[in-house]
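TrEMBL lists 63-86, 106-125, 137-158, 192-210, 222-242, 262-283 with the feature transmembrane segment. Feature annotation from TrEMBL assigns domain 'VTT' to 122-242.
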Amino acid sequence: MTCQIHVVHDIAVVGAAADAKLIMDDVGYGDYVRMGLSEGAEPTVTEYWSVEKGRRFCWWSKAVLLCLGLVVAGAAFVVWGGPLLIDKVVAPILEWEMTTFSTPVLGLILFASIAVFPALLLPSAPCMWIAGMTFGYGYGFLLIMAGMSLGMSLPYFIGSLFRHKIHRWLERWPKKAAIVRLAGEGNWFHQFRAVVLLRISPFPYLIFNYASVATNVKYSPYILGSLVGTIPETFLTIYSGILLRNLVDASHGRGFLSVPQIIYDVLGFCTTLAATIAITAYARQALQRLHAEEQPLLE
């Protein structure tokens with residue numbers, strides 16, 4: 001550590017670093033003295049770790065509070081909102097689909113809806129929810145992933161016909177456009193990783209289907225990254241669908257749910273939701289770091 005002495009108006013000042021500055025009344029500040037470090041100064045190791053510990057403590061505090069809030073909200077939903085939702089919405093839908101369609105026909109309808117709705121800028125989450133309630137984890141997961149693969153491919157190829165219009169449309173939101181263009185940078189793995197992070201992050205699902213064609217992303221990293229990135233959301237949808245189906249069966253005398261099983265299901269759903277939120281937050285931070293790394297290269 002070096003020490004430098006500055007002489008200003010016959011006053012000797014000892015600085016803690018070579019770049020310490022002393023500004024007196026000759027620059028218009030009267031009797032006031034201002035000292036500071038230049039822009040190149042870096043924090044010490046102790047200061048860095050104290051800030052890092054503070055950030056980690058804040059993050060874990062928010063995570064714990066979020067989990068507690070989810071548990072309380074889940075319990076309140078089960079006690080008050082759950083029965084009303086089951087009797088007025090879920091039960092009529094299940095009874096209607098069971099009496100109207102056979103299982104193969106219903107599976108075909110759900111597959112077509114999940115595949116076509118994204119191309120029409122319509123949400124396919126309700127169809128995914130019904131698929132989870134009807135077909136469970138195994139067939140429900142395969143049905144949803146097959147439909148989503150087609151639902152994400154159609155906008156990719158349709159949007160390629162309007163690439164220039166999409167480019168002009170993205171110019172209205174330069175910050176969002178810069179995030180989207182990360183998917184087209186680098187090699188195959190870099191594009192795959194960027195697409196996975198974009199799918200997990202809160203970036204609008206339907207918009208990215210068409211906006212991706214404005215980048216140089218290839219189809220294979222686009223579709224594989226999209227499928228991997230939507231797995232957490234798919235499992236959350238299937239889990240919630242199965243949970244509601246069990247509640248409907250119990251409320252209509254077609255099954256029985258004990259108090260420990262209800263608590264287990266609610267805690268399991270809250271844990272799954274909290275894990276999904278944590279993964280989403282991590283993906284958002286990783287996407288911001290990736291954008292910060294690519295920004296100097298683009299400039």
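Backbone N, Cα and C atoms are what each Cβ position is placed from, and that goes for glycine too.
Because the structure is a prediction, the values reported are computed rather than measured.
Remote same-chain residues near the transmembrane segment (137-158) are listed as 107, 110-119, 124, 127-128, 131, 209-210, 212-213, 219, 222-223, 226-227, 230, 234-235, 237-238, 241-242 (criterion: CB distance under 8 Å, separation of at least six residues from the stretch ends). Look at the domain 'VTT' (122-242): DSSP puts its residues at 101 helix, 0 strand, 20 coil. Away from its own ends, the transmembrane segment (106-125) comes close to residues 97, 131, 134-135, 139, 143-144, 146-148, 150-152, 154-155, 158, 205-206, 209, 237 of its chain (Cβ-Cβ under 8 Å, at least six residues beyond either end). A mean pLDDT of 85 is what the model gives for the domain 'VTT' (122-242).
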